[in-house]
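A short worksheet on the structure shown next.
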Amino acid sequence: MEMEKSGKFSDYLFAKMGPPTSTELPPKTTECSDAPVELTGYRRWLSENLMLLVTLSGVLLGVVLGLSLRPLNLHGDSIMLISYPGELFMRVLKLMILPLVISSLIAGSASLNAKMNGKIALRTLVYFASTSFFNAALGIALVLLIHPGNPDLHNADDRSTDRRAVNLLDSLLDLGRNVFPDNLFQASIQQAHTVYLPKPSILHVFNETMNDTLASGSEAQRLSEDLTEEVVLVRDIQYRSGTNTLGIVFFCLVFGTFLGTIGQKGQVVVDFFAAIFEVIMKMVTCVMWLTPVGISSVIAGKILSVGDLGLVMSQLMWFIVTVAIGVFIYQFVVMQAVYFVVVRRNPFKFYAGLIQAMLTAFATASTAAALPITFRCMNEKLKVDPRITRFVLPIGCNINMDGTALYIAVASIFIAQMSGMVLGFGELLTVLLTSTAASMSSASVPSAALVLLLVVLTAIDAPVQDVTLLFAVDWFVDRIRTTNNMLGDCYTAAVVEELSRKELMALDAASVNYQDMPAGTPNGHGHGHHDGGLLEGQTELETSSKCVMTMTDSVVVDISAVMNNVNLQQEHCNRRV
């Protein structure tokens, strides 16, 4: 047995060495001039962080350009031309969102088995809900402690008299309608939402008839006023422009999960979507070289478009400070602590690897627009398992809104404080729950939180009209909270990867065992004395179908076998010790 093993080992060494060549001497090392020179010192650091420096230079250039051009009081056309390169940059980034989400989710979920997808999805959703709930609670604690709401800021002249009918039930039901779209192609360009329209009735028809027949006279005017008071609003489901990313994510998740269960027959489809993902990532690398121009244009145009920047900042300074403190506490304390406890690595090194994606999210104010760059940082720089990032990041881009939950909680109580309202424990609990639910139904587009804020204000019966006061600073606060949303997705992927490491290793081992199986033995077992032939009473068709079925279920079977072997080896080692 020992001689046989040594013979196999020597054969392996000779195979690795390759066939014997001629008697020519090997070339000298000095002649290998084509070998790449390894960079050291600051040159290596500059090469690794060049894209980060390019993104940071774009942000700083935009701030300096915007502040320096404000005293010139530029015309609206000039501001539009300054913002135009940034608009094109945003459009190119958003152009790649849909193929990136589709390809990453299908390829990612198909690379895992159905049971593994269920475990990862459950861990991801529980983590998302927990962090959103914590951020809402953190926002409530900070706004009660700092008390930024000043009743003197309340300006009755600026208040609109239009009270929008907003209901938390409608928001949650719209979330379900968008998760289950009735038309996949329509979901690419439209999303469902609830609107309130006047109920058509006989009174309205009679009103129009009276106005036509009695064009003048006090009787027609009196009848018209009476009938106007009878207007009743009813719900109506309509579609508005915008990609229904939630519906596409759900479909791709289910499609990829079932695609992974059909074995080799679906491998060509998996390879197709994996190739699409690689192509999109190469396109992202090219687009990133446009970052200095695009990001600086976006930031400079936004600074120039604000009316009285100093007055707005001075009036709402404490509101901005409250949101910023909450974001910084969550980013630098809570997220780092969770990462260190679960992953047992340096959290700030992980944070430093995400600065480029965070700056992009800050500049674009959109988690979805920063998704291509986030994928690039997670896969290439931080080396997180692509099977986890392809699964978690597209879902988190639409569901995980940690910064939005914090912002909604702070803004709703801020408006209540401005109006002189005293909120009890019941109202605060309502803000906590509705902020968490509303944030998870948020769309990953700029300023979506302002629409969701109306839901919370309606729930605590606060003045909805005062939301217009926050429009002046939302362009800045939106960028701060978007970094929280983006970083929350990345840290979730790292935590879920660590929690799923045992299953991922078993899946890798199962795939290795499957590749090492001898031909004609789908499950790795011999056929005894039949030597791979047909069993008694078995046809060739039955054998091939059994082989295909075994290949389809090989991953699941091998995972349990590998886990049993690992446990048996551990028990054996413990007994020996």
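Even glycines carry a Cβ here, placed using N, Cα and C.
A TrEMBL annotation is a machine prediction, not a hand-curated record.
TrEMBL annotations:
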type	residues	note
TRANSMEM	50-69	transmembrane segment
TRANSMEM	89-112	transmembrane segment
TRANSMEM	124-146	transmembrane segment
TRANSMEM	245-262	transmembrane segment
TRANSMEM	283-304	transmembrane segment
TRANSMEM	316-343	transmembrane segment
TRANSMEM	350-371	transmembrane segment
TRANSMEM	391-415	transmembrane segment
TRANSMEM	449-477	transmembrane segment
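Residues 82, 288-289, 291-304, 355-356, 359-360, 362-363 of the same chain lie 6 or more positions beyond the ends of the transmembrane segment (50-69) yet place their CB under 8 Å from a CB of it. Per-stretch counts of Cβ pairs under 8 Å to the transmembrane segment (124-146) identify 316-343 as the leading one among 89-112, 283-304, 316-343, 350-371, 449-477. Below 8 A, the CB atoms of the transmembrane segment (391-415) and the transmembrane segment (283-304) form no more than two pairs separated by six or more positions in the chain, fewer than 3 in all. Highest Cβ contact count with the transmembrane segment (283-304) among the listed stretches 89-112, 245-262, 350-371 falls to 89-112 (criterion: pairs under 8 Å). Only pairs six or more apart in sequence are counted, and the transmembrane segment (245-262) with the transmembrane segment (316-343) gives fewer than three Cβ pairs under 8 Å, not enough to call it a contact. Ranked by Cβ pairs under 8 Å to the transmembrane segment (89-112), the stretches 316-343, 350-371, 449-477 are led by 350-371. Within its own chain, the transmembrane segment (350-371) is flanked in space by residues 51-52, 55-56, 58-59, 62, 90, 93-94, 97, 100-101, 245, 291, 295, 298-299, 331, 335-336, 339, 343, 377-378, 381-382, 393-394, 397-398, 444-447, 475, 478-480, 482-483, 485-487, 489-491, 494, which lie at least six positions past its ends and keep a Cβ under 8 Å from the stretch.
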